[in-house]
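Undergrad: Quick one: structure below, then a few questions.
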Amino acid sequence: MATLLRSKLSNVATSVSNKSQAKVSGMFARMGFQAATDEEAVGFAHCDDLDFEHRQGLQMDILKAEGEPCGDEGAEPPVEGDIHYQRGSGAPLPPSGSKDQVGAGGEFGGHDKPKITAWEAGWNVTNAIQGMFVLGLPYAILHGGYLGLFLIIFAAVVCCYTGKILIACLYEENEDGEVVRVRDSYVAIANACCAPRFPTLGGRVVNVAQIIELVMTCILYVVVSGNLMYNSFPGLPVSQKSWSIIATAVLLPCAFLKNLKAVSKFSLLCTLAHFVINILVIAYCLSRARDWAWEKVKFYIDVKKFPISIGIIVFSYTSQIFLPSLEGNMQQPSEFHCMMNWTHIAACVLKGLFALVAYLTWADETKEVITDNLPGSIRAVVNIFLVAKALLSYPLPFFAAVEVLEKSLFQEGSRAFFPACYGGDGRLKSWGLTLRCALVVFTLLMAIYVPHFALLMGLTGSLTGAGLCFLLPSLFHLRLLWRKLLWHQVFFDVAIFVIGGICSVSGFVHSLEGLIEAYRTNAED
């Protein structure tokens with residue numbers, strides 16, 4: 001009897017000791033230190049699960065004691081293990097395999113929202129990376145030669161890879177070893193990387209980068225509109241700055257936008273028109289194939305201007321900022337990788353051919369916007385279509401920038417820096433409308449004082465494009481999935497981060513130097 005009692009006391013002491021060690025290990029793990037052994041990590045996981053179940057049971061007992069309903073009437077009580085709890089989410093998540101896991105618009109319960117196919121998702125990505133900014137790629141070949149062509153391929157490969165690893169950061173394994181979607185946006189990934197010490201720092205950095213990129217995109221649309229109209233009608237006594245003012249006057253109603261229903265109707269027409277314009281440019285270039293200057297395509301680079309070309313190429317591939325939302329709205333998220341592969345392969349081939357053929361046609365006379373090289377009769381028609389596309393494309397980044405600003409500064413309750421832009425009836429307040437108009441005017445002023453399409457595009461690509469497409473995805477991937485990565489994945493992430501950082505700094509510095517030089521000499525595009 002004494003032996004049996006001693007044995008039970010020993011077992012109890014051992015169990016208490018193991019749980020204490022597991023809790024201590026868990027405390028160090030939460031502080032950022034890795035557990036010493038796998039057994040301790042397993043012990044911490046079991047202890048944490050038991051602690052959650054115990055607390056959940058206490059809460060349920062209290063609710064029942066108070067007479068509050070717990071679920072549907074007549075329903076069977078939940079069996080242990082039916083509740084899937086995800087640490088850090090603050091709420092239970094639906095079981096694995098449920099459509100509730102992959103919601104849209106930042107909600108995990110978005111199964112009632114319409115989903116898109118892989119083809120539709122690919123069309124959205126194609127619109128993002130095959131936009132009118134490809135018109136600046138021949139200018140990148142002018143300063144980069146064959147290395148510029150290689151960079152078009154390299155940027156496609158890297159952006160495709162970083163898009164995939166960014167989506168991988170949305171998922172984690174739950175207690176059952178099942179991979180579930182626990183995040184819904186780029187901002188959520190950034191916040192998870194900076195938690196627990198700075199839980200909102202990462203999201204703010206991403207928001208700032210996103211706002212800069214969106215506003216710079218709006219500025220580029222105004223710049224290219226003024227540039228195209230000025231070169232289409234050189235005989236008119238209207239300067240490029242005046243054309244930019246006229247374009248902005250047309251865009252001023254964007255300040256009154258509440259949604260993009262009206263604008264979205266023109267998106268398909270704009271995209272088709274852009275493809276037609278690209279075909280017309282390539283057809284004209286092919287008609288002059290006998291005069292192509294192959295000897296002008298060089299292997300050496302212009303050290304000062306080539307970094308600007310890197311920014312132009314990177315900016316033409318930016319799509320990472322909306323990929324989490326896009327993947328969350330797909331009917332089959334498992335097809336995301338295949339969709340990314342084909343869209344970036346197609347973009348790489350089309351961009352490479354367009355840039356090379358256009359440069360071979362005009363060689364050293366290649367301008368920042370390639371349509372400015374077309375003959376007068378063709379140029380006017382093509383440029384008018386391009387201006388229409390630019391003006392119809394402007395509301396999309398403008399509305400997105402306004403939404404980010406409103407959510408960051410005006411709609412976070414007690415944490416908001418300024419009062420809400422909307423009244424209780426949902427109407428936009430007068431000062432909120434004033435701020436929107438001020439944003440439109442700001443894009444105009446930037447377009448007037450910095451009317452250099454390629455330099456602005458290179459600056460934006462080097463600053464926010466490289467950050468959102470190269471630096472942050474690789475850094476987040478290493479931070480969130482470090483323990484699961486293979487050695488070659490770690491190598492790729494580190495290499496992309498280092499190369500992206502060098503290209504970003506170099507391109508940013510040289511773009512600024514180019515803008516300063518152009519401003520001093522009062523050069524016009």
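Using the three backbone atoms N, Cα and C, a Cβ is placed for every residue, glycine included.
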Undergrad: On the same side of the membrane, Cys193 and Trp487, at least as Swiss-Prot annotates them?
TA: no
Undergrad: Tell me which of 133-153, 154-174 corresponds to the transmembrane segment entry in Swiss-Prot.
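TA: My reading of Swiss-Prot: the transmembrane segment range is 133-153.
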Undergrad: Against the transmembrane segment (384-404), which of these stretches has the most C-beta pairs under 8 Å: 133-153, 205-225, 342-362?
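TA: The stretch I would name here is 205-225.
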Undergrad: Please report, as numbers and ranges, the same-chain residues at least 6 past the borders of the transmembrane segment (306-326) whose CB is under 8 Å from any CB of it.
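TA: Those are 104-106, 116, 121, 124-125, 128-129, 131, 133-134, 136-137, 139-141, 143-144, 147-148, 151-152, 155-156, 159, 162-163, 166-167, 170, 183-186, 188-189, 210, 213, 344, 347, 351, 454-455, 457-462, 464-466, 468-470, 473, 503, 506-511, 514, in sequence order.
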Undergrad: Please list, in sequence order, the residues in the chain of Tyr186 (3'-nitrotyrosine) that are at least six apart in sequence and whose C-beta is under 8 Å away from its C-beta.
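TA: In sequence order, the residues whose Cβ lies under 8 Å from that of Tyr186 (3'-nitrotyrosine) (at least 6 apart) are Leu166, Val206, Gln210, Gln320, Ile321, Leu323, Pro324, Leu468.
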Undergrad: How about long-range neighbours of the transmembrane segment (462-482): same chain, 6 or more residues beyond its ends, C-beta under 8 Å?
TA: 158-159, 162-163, 165-166, 168-169, 186, 189-190, 192-193, 206, 209-210, 212-213, 216, 307-308, 310-311, 314-315, 317-318, 320-321, 489-490, 492-494, 496-497, 499-501, 503-508, 511
Undergrad: Under an 8 Å Cβ to Cβ limit, what residues of the same chain, 6 or more beyond the ends of the transmembrane segment (133-153), are close to it?
TA: 220, 224, 278, 297-302, 305-306, 308-310, 312-313, 315-316, 348, 350-352, 354-356, 358-359, 362, 364, 366-371, 386, 453-454, 457
Undergrad: Count up the helix, strand and coil residues in the topological domain 'Lumenal, vesicle' (154-204) according to DSSP, in that order.
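TA: Helix/strand/coil tally for the topological domain 'Lumenal, vesicle' (154-204): 28 helix, 6 strand, 17 coil.
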